[in-house]
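*Asks:* Below is one structure. I have some questions about it.
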Amino acid sequence: PCVVGEWSHWSGCAEQCQPGLRIRRRYVQQEPKNGGEPCPALEEKAGCLEYLTYQGEDCGHEHVPAFITTSEYGKERKRRAASSLWPSDKEAAGYCVEFKTESLSHHCALENRPYARWMQYLREGHTVCVACQPPAMNTDTQRCSGDGHNADGGKILHWEAVGNSQCQGTWKKIRQLEHCSCPLVHSFIFT
């Protein structure tokens with residue numbers, strides 16, 4: 001069978017103060033022979049965001065990651081959030097953002113705690129829908145943190161799964177919609 005070495009350390013972020021990618025690699029020590037087990041993946045990528053410059057100065061947190069959780073939580077949250085702060089006519093004032101997932105850490109696929117199994121459905125290259133609902137909105141801007149409001153389609157944005165900070169990655173904004181239309185397993189909400 002194929003034999004590979006240990007993973008290298010993760011590389012640093014590609015750019016200072018901007019969401020991007022970090023990479024780690026491992027190398028083949030023995031090629032498979034006579035129909036032996038093929039080699040596993042030799043490279044892993046993960047989302048990356050530094051909050052300090054190389055000089056140790058604060059980046060200013062311009063890029064706050066989008067914190068997401070399963071859309072199932074939104075049903076519970078609506079019931080709990082029916083307060084005077086959000087009158088019922090504003091209850092439907094949310095919006096949906098479609099993103100194309102660029103990278104994610106392997107911790108998402110390994111997650112099997114019952115409340116966090118939704119993370120297993122995150123996949124590189126998939127389109128996901130993320131709803132911004134009133135309880136998560138900033139009351140002044142009427143927007144959710146990390147929604148990529150001012151980002152063009154080519155900008156890499158950072159996200160993190162609530163409940164497992166090691167499940168994180170990057171995505172690019174496709175468009176903003178009034179309502180989400182992704183399958184349930186690819187539907188999330190900003191928290």
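The backbone N, Cα and C atoms fix where each Cβ goes, and this holds for glycine too.
The domain 'Spondin-like TSP1' annotation in TrEMBL covers 2-49. Annotation comment: TrEMBL describes 78-184 as domain 'SBSPON-like C-terminal'.
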*Asks:* Could you give the number of helix, strand and coil residues in the domain 'SBSPON-like C-terminal' (78-184) as assigned by DSSP?
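*Replies:* Output for the domain 'SBSPON-like C-terminal' (78-184) reads 22 helix, 34 strand, 51 coil.
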*Asks:* Give the residue counts of the domain 'Spondin-like TSP1' (2-49) per reduced DSSP state, in the order helix, strand, coil.
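*Replies:* Counting residues per DSSP class in the domain 'Spondin-like TSP1' (2-49), I get 0 helix, 17 strand, 31 coil.
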*Asks:* Please give the average pLDDT for the domain 'Spondin-like TSP1' (2-49) in this predicted model.
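*Replies:* So the average pLDDT across the domain 'Spondin-like TSP1' (2-49) works out to 84.
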